[in-house]
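Participant: Sharing the record's features from TrEMBL:
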TRANSMEM  B:6-23  transmembrane segment
TRANSMEM  B:35-54  transmembrane segment
TRANSMEM  B:74-93  transmembrane segment
TRANSMEM  B:114-132  transmembrane segment
TRANSMEM  B:144-164  transmembrane segment
Amino acid sequence: MRNFIRFIIKYHFAILFFIIEAVSLLLVLNYNAYQRSSFLSSSSTVTGGIFKRYNAGAEYLMLRDINEDLAQENAYLRSRMPESFRASRDYFNLVHDTVSKQEFIYRSARVINNSTNRRFNYITLNKGRLNGIEPEMGVISNKGAVGIVKNVSDNYSTVISIINTRLKISAKLKESGFFGSLEWDGTSYQHVYLLDIPRHANVNVGDLVVTSGYSSIFPEGVLLGNVEEVTLDKGASFYRTRVKLSVDFKNLAFVEIIGHNSRDEQIKLEKETEDD
Amino acid sequence: MISHLPRYIFNFIFFTLIQILVLNNIQLSGYVNPYLYILFIITLPFEIPGWLLLVLGFSSGMVIDIFSNTPGMHASATVFMSFLRPYVLRIFAPRDEYQPGTIPTMGFYGISWFLRYSIILVFAHHFFLFFIEVFSLTHFFSTFLRVVSSTVFTILLIIVAQLFSQGKKQGR
């Protein structure tokens, strides 16, 4: 026993190193489990509060860009107002009735923390459970899709951004309707790859890439970007297309979170079908 | 050693804030991510006990982790670096040993000694960090390039930070 204690005292530095290193590596490996506990993620109150305060300052410096974006969006929305259409009896009129039901609800939120330089990039927003945000809601900005809500605390939520190698999004080519999965390779924050487009499809540089709407997270047709480069490896049956993202992740201030009213119903039905 | 305490508490908070609020937002061409916060560990006193060194390494890494949603990554890299520190210090010890009352900075031991010492530690930290982050050897060379370029950039920042703090020590 005495020898054992002497051994521990003699090598306490190395032993302690192995213990602490093992704890840290366990944290890394249990990454997903720990993500759920809000204490360690930036949606927790303390860290969220610090980022919020920092952001209040940083946002001031970005006011010019934000104003420009908002003005553009105003103009776009104004052009969709009934007043800006010429009334014509030859066409249908939009009638509010009880047959149609609102399917998607949009809530605005502010980005208070954001990263673009890691393999796994996350965004923190200033709205949370109390504002009706739930995990797995889609997040878009006025320029296109941004990501999917991962964790929610009472007042904050974290979002996996599209430029996160853990996220895959179902996307399609707007022109031809062929769909595939959109993935990030972890290098440039402006580019992602659209995979699984079959070689008989007609893909051109400049084609728009939009969400497919299959996953019930995003509505169909939310802009993701446009095709910048199409490559076809010898013998491969799928194209590898590089897509330039429409959203500039370096310059992200206001986003909208999409709630899907009948999502639970859709998922339940799909699960029943799979179980059969 | 107690007299250094306020200075190190200030260093800890200052470097952590710089790292979270400024440097984490820096990215040059997808390859360069500087990590200045490890300068806190690099400049700890010579006489610091081993266990405290490891604990401080773990906590400074963990704070960065909490703010960047990467539990364990920075902590494990910083603990690894803290573990190497005593051995690296022993290798580079001057012939007449380290003087009592001095700390491992550029101001006390000169730029060439400090560069050799810090490059090894920074490289070890970055190497560990970036490979833990990708967790595979498939993109070995692209990851290695990130390690080397980030090391160079971190070293530059460390030298600049040392030059700034050197001014105060002239009057010693």
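Every residue, even glycine, has its Cβ placed from backbone N, Cα and C.
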Participant: Please report, as numbers and ranges, the same-chain residues at least 6 past the borders of the transmembrane segment (B:74-93) whose CB is under 8 Å from any CB of it.
Facilitator: 35, 38, 41-42, 44, 46, 50, 53-54, 56-58, 60-62, 64-65, 68, 104, 113, 116-117, 120-121, 124-126, 128-129, 132
Participant: Grab the same-chain neighbours of the transmembrane segment (B:114-132) for me: Cβ-Cβ under 8 Å, and only residues 6 or more beyond its ends, written as numbers and ranges.
Facilitator: 35, 38, 41-42, 73-74, 76-78, 80-81, 84-85, 88-89, 92, 104-106, 143, 146-147, 150-151, 154-155, 158-159, 162
Participant: In the same chain, who gets a Cβ under 8 Å from the transmembrane segment (B:144-164) while lying at least 6 residues past its ends?
Facilitator: 23, 28, 31-36, 38-39, 42, 105-107, 111, 114-115, 118-119, 122-123, 126-127, 130-131
